[in-house]
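Participant: Encoded as structure tokens, here's the structure I'll be asking about.
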Amino acid sequence: MEGDVGELTGLYDEARALLPELAALRHELHKVPELALDLPKTQALVLEALSGLGLEVTVGAELSSVVAVLRGARPGPAVLLRGDMDALPVTEETGEPFTSEHPGLMHACGHDMHVAGLVGAARLLAARREEIAGAVVFMFQPGEEGDGGAEIMIREGVLDAAGERVVGAYGVHVSSGLLPGGVVGGRPGTLMAAPDSVTVTVRGAGGHGSAPHRALDPVPVAAEIVLALQAMVTRRFDVFDPIVVTVGSIHAGTANNIIPATATLEITVRTFSEATWLAAPERLREVCEHVAAAHGLTADVDYQRGYPVTRNDPAELERTARLTRELLGDDAWFEMPQPLAGGEDFSYVLQEVPGAFAFVSALTPGADPATAPYNHSPYARFDDSALATSASLLAALALDRLAEG
Ligand SMILES: [Zn+2]
């Protein structure tokens, strides 16, 4: 695609020129973090930031999403750019001058950066309307942190918001650690895990702590299940197609001389392939039920599916890598050797449309990526300069895909 490179030249510099206003927006968002699907203050700030750009703006019915459509000067296909908007139930400890004003809530995953970065992309693209053949759909999404906001927005029609199905979809996630400063990282195929949730209730019979033979004690059975699950991980699954099983919570009993009737385990399961994703519920159920049965007890296994595996289309990931190098230099692209075990509901969009998701380093100057507090930490800090990277990369992805027709 000769010529495209010329069109993209200067995009990063233009994004850097927007940095003061994008950082100001990000700081306003950071002060008023909101949870889950209902984000009225965030939504109001997005609507204000988009006003005057000549976009077709609609808001969600079941959630406080914002969908904005930019029409280019000429007809062509439509593409989608996404930013998630929700915060976390974390008490901020960063000491930033724009620290959260909502007690117990914090933009600890950097979704305030995603909103401001996507607004930046909208500004860059609106200024290039005359060069654009086609449309760009901007997807401002609540409820990424477990509420499946992307799935609801798909149900409400975001993929067809321009009047036809989008042909490409792109998103980025900032990272406060892990990645070296100044880079954008990603990989083809599996990028992130499918996180499932399981509640196991071991059912026995309560009794006096002095006479366990007259009861059915669920406590040693629960302990045995915890260890048997780790044996399952290494003995029943392929080491080259891994699974993570973490029992994060165990609850049973009230006092040392009472055998409780039940014990409850809360488990997260992370898988990276369809084969392991499909096999996990039955294997886990077998272990829990049969360990319990071996001791005359039963186990109820409530297995809840979470988000699907986040999978990058190889050609779209290659586009992302190429544009990153064009915008930021050859050293800026970081090909990740492995997926991350976190989950991401942009996976629902990538199941429907070829696209790519990448990580943008927001490491603060002078910080060590190995030790800098990572996303979800109350100490996680995100450097504003990553806004220029996100905005220019998202805009470049839209322009490059639309130029293909
Ligand atoms: Zn996040």
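Just so you know, glycine gets a Cβ as well, placed from its N, Cα and C.
Here's the feature list from TrEMBL:
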{"type": "BINDING", "residues": "Cys109, His111, Glu145, His376", "note": "Mn(2+) 2 binding site"}
{"type": "BINDING", "residues": "His173", "note": "Mn(2+) 1 binding site"}
{"type": "DOMAIN", "residues": "197-293", "note": "domain 'Peptidase M20 dimerisation'"}
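Where in this structure would I find these features, and how exposed are they?
Facilitator: DSSP assigns Glu145 (Mn(2+) 2 binding site) to coil in the three-state reduction, placing it in neither a helix nor a strand.
Of all the Cβ atoms in the protein chains shown, 28 others lie within 10 Å of the Cβ of His173 (Mn(2+) 1 binding site). Annotation note: His173 (Mn(2+) 1 binding site) sits in a strand segment as assigned by DSSP.
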Participant: Measuring Cα to Cα, how many angstrom lie between His173 (Mn(2+) 1 binding site) and His376 (Mn(2+) 2 binding site)?
Facilitator: 13
Participant: Inside 10 Å of the Cβ of Glu145 (Mn(2+) 2 binding site), count up the other Cβ atoms and send me the figure.
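Facilitator: Total other Cβ atoms inside 10 Å, all chains included: 20.
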Participant: Measure from the Cβ of His111 (Mn(2+) 2 binding site) and count the other Cβ atoms within 10 Å, all protein chains considered.
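Facilitator: Cβ-Cβ neighbours of His111 (Mn(2+) 2 binding site) within 10 Å number 27.
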